[in-house]
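Worksheet: the structure to be examined is printed underneath.
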């Protein structure tokens, strides 16, 4: 292995001497920052430079963007082992250091820059092999058809990447050759000598060449000649006569067929025909559908006909293209047609003045009160009779009246206090009424109805529907107490009622809810409700 390394170094030295790299001051010198220029594609194992260093330096080290191409020998010979490619890397940034026998750096590292010089080794290429463009017939010479773009990977803004475009062949050569040109450096394809006509040649094929100073590449361009809208639609006849229809003819019915023709290229926006009613139908009762294959127009009823408002209508149609006409061409009388529509009367059902009538009254309105008006008329101006009829709707909205007094929301029975009371206790009850409550719900107020009991009992509001009944002290005898509670709904007008809570204080005290008439509202309490009051 030692012998191989020695022989390799010897060969490099012989090459180094044979190629003249050993001239002092030009191809060798001290370790310092340097820049070298090398053309891409040259043969490998070329010596670049020999670095020299003073003792104790005995060897050199190369680092940086070597790409495993650049090497340095023990004697300081810098060389490369593989042909360089500028398109892969145009600059290699290297560092060289001098080392002593222990591998420690004694000089450097210093930057060494390798600039890879470009050679013309890349063929220009188009972005695609085939292009397609179009030009309108009768377009003026000089109009742009499109721009071709080719790319060369060699160095930009040099002779190696300067591209030239030219037309190699035109097919067919009708009515002559040279109908197109391409700008030499920009690649813009243009109409050259004269305007084209689709009737003569609808399509041209061009072969385009792009070249640099050494290479050439071809691509193909298909150019389609597009028809322009220079012909107007012409009706087959200008007057379609008279047409009589009953006013109850079904909506959607086809009542007339009209026809116009256009001499432009078929099945294009230049030859497609659209029909419009431009006069005699301000209500939009008629429409025209076009057959896309034949350009036949079918006149249909879009809205019901009406003898009373339009017994006779002089209808005028216009036939036009969706594509604008070219400059200088306009629609004339040939693109217009007419017919006269007579609508006959039919005895129609009376009509309400509106589909839905609506009124609002309160729920306590007196019997016999007028709540609204309903109106109808006969389309023919006759009196409303019974031969034909119509239906409408009447919506009557009832507004709520505060006519239901508050009451307990549910039955409360067998609630009790344990006697003797160790601390004041309480119970919670809920009130409601049968009136309608929107959004906020009811807002009841609660109070003790009997002033004599206010020293022993108190009631406090929890929210709009719940209240709490509490004892004010613990000194109660073992007997039955009747507690009257007044509930007010705050409505318009306000209504209130009184409920009673009856308690018996024994070893166990029960409280029952009663109406103000003394009748029990409930017979028994649920087990979950039979709970002692909490102190």
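Positions of Cβ are set from backbone N, Cα and C atoms, glycine also.
Residues 180, 186-198, 223-228, 230, 326 of the same chain lie 6+ residues outside the compositional bias 'Polar residues' (135-147) yet bring a C-beta within less than 8 angstroms of a C-beta in it. The compositional bias 'Polar residues' feature in TrEMBL is assigned to 135-147.
Here the domain 'Cadherin' (58-126) has, by DSSP, the following mix of helix, strand and coil residues: 0 helix, 37 strand, 32 coil. Annotated domain 'Cadherin' per TrEMBL: 58-126 (among others), in sequence order.
Look at the domain 'Cadherin' (127-235): DSSP puts its residues at 0 helix, 50 strand, 59 coil. Marked as domain 'Cadherin' by TrEMBL: 127-235 (among others).
Mean predicted confidence for the domain 'Cadherin' (237-352): the pLDDT average there is 94. Feature annotation from TrEMBL assigns domain 'Cadherin' to 237-352 (among others).
Residues annotated as region 'Disordered' in TrEMBL: 132-151.
Taken from TrEMBL, the feature signal peptide covers 1-22.
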Tally of residues which DSSP labels helix, strand or coil - the domain 'Cadherin' (237-352): 3 helix, 53 strand, 60 coil
